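I have placed the structure first, in the form of structure tokens, so that the comments after it can refer back to it.
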Amino acid sequence: MEEYYMKLALDLAKQGEGQTESNPLVGAVVVKDGQIVGMGAHLKYGEAHAEVHAIHMAGAHAEGADIYVTLEPCSHYGKTPPCAELIINSGIKRVFVAMRDPNPLVAGRGISMMKEAGIEVREGILADQAERLNEKFLHFMRTGLPYVTLKAAASLDGKIATSTGDSKWITSEAARQDAQQYRKTHQSILVGVGTVKADNPSLTCRLPNVTKQPVRVILDTVLSIPEDAKVICDQIAPTWIFTTARADEEKKKRLSAFGVNIFTLETERIQIPDVLKILAEEGIMSVYVEGGSAVHGSFVKEGCFQEIIFYFAPKLIGGTHAPSLISGEGFQSMKDVPLLQFTDITQIGRDIKLTAKPTKE
């Protein structure tokens with residue numbers, strides 16, 4: 001039954017996807033005498049944590065009960081008081097934790113607090129599932145850098161447009177709708193200025209009940225972005241532009257007047273590691289890279305990605321000059337080519353979605 005209750009807690013945690021910002025997804029279930037007496041999830045950044053909801057629901061039944069939590073209860077004061085302290089004061093006798101929190105502010109302290117208070121703590125139940133649930137948060141806490149997902153849609157022969165630049169639409173409506181979920185679960189969407197010029201996208205999540213839009217990140221070496229682009233004018237979501245010392249200072253001022261954040265790198269070209277470092281400093285834990293092909297090529301060349309999600313349509317575009325999924329310098333030797341492991345292959349309508357992650361095996 002321990003795995004059953006933890007699985008329920010994991011399912012509850014998913015309710016907060018796309019809404020907890022820099023906080024992890026957490027679910028909690030309180031059980032007493034074989035009966036569930038409390039449940040909760042962290043649903044929105046700044047609001048009550050999962051343990052708070054579950055214990056408040058349990059009320060007096062929390063005394064002598066067990067609680068199942070998908071991540072180690074916090075031990076510090078942040079937007080809310082520490083959950084470990086709440087658990088201690090509630091009279092709960094046993095705590096089942098899927099995994100420890102690598103956040104330096106927690107990192108075992110929550111577990112230590114509860115043990116010192118005489119509470120029995122068991123760890124590791126469905127730890128792998130808990131790890132997958134919060135892979136973006138955990139990657140950020142362990143590396144100090146955002147979790148990067150590369151997304152693209154292409155024909156079966158790997159083309160993202162015809163030789164004339166026509167790309168609407170390669171994949172089906174079902175595939176395009178599926179891709180929207182990842183805009184919701186990432187804190188930022190990143191594209192090159194070429195994509196802005198070609199498609200004039202809004203780069204927003206169009207799913208219902210989205211409480212906060214992801215930050216729109218544009219890579220633009222010489223600040224050539226059109227000033228009437230949607231990402232500049234619509235004010236729906238924040239827009240951040242990374243440029244270089246080659247950018248026009250007057251244009252910077254005009255864009256800033258629109259509320260655009262300009263980050264100027266002191267280099268001739270935009271270096272992906274520099275961009276990711278700055279995004280991390282700004283609190284961005286996850287980046288959804290939508291292209292174009294040169295941008296994808298830069299991320300791949302630098303090894304700056306944790307996951308790819310590619311949609312393939314059963315179409316053959318052909319053409320030497322039709323753009324491919326990934327362009328740029330590429331690799332000169334096969335020994336340098338990154339090896340990926342497929343983690344999911346799904347058919348969506350007539351299209352195929354491939355998900356893969358880098359592996360050393």
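Cβ atoms are placed via backbone N, Cα and C, with glycine included.
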Do you know which of HIS42, HIS49, HIS139 Swiss-Prot groups with CYS74, CYS83 in the Zn(2+) site?
HIS49
According to Swiss-Prot, TRP169, THR195, ASP199, THR221, GLY292, SER293, ALA294, VAL295, HIS296, GLY297, SER298 bind NADP(+); which one of ALA153, ALA237, ALA257 is annotated to that same site?
ALA153
Quick check: of the recorded positions listed here (HIS49, GLU51, GLY297), which one has the Cα closest to that of LEU203 (substrate binding site)?
GLY297
Could you give me the DSSP helix, strand and coil counts for the domain 'CMP/dCMP-type deaminase' (1-122)?
44 helix, 24 strand, 54 coil
Compile a sequence-ordered list of residues in the same chain as SER293 (NADP(+) binding site), six or more apart from it, whose Cβ lies below 8 A from its Cβ; state 'none' when nothing qualifies.
ALA152, ILE160, PRO323, SER324, LEU325, ILE326, SER327, GLY328
Compare the C-alpha of THR195 (NADP(+) binding site) with the C-alpha of each of the recorded positions GLU51, CYS74, CYS83, ARG183, GLU290, and give the closest one.
GLU290
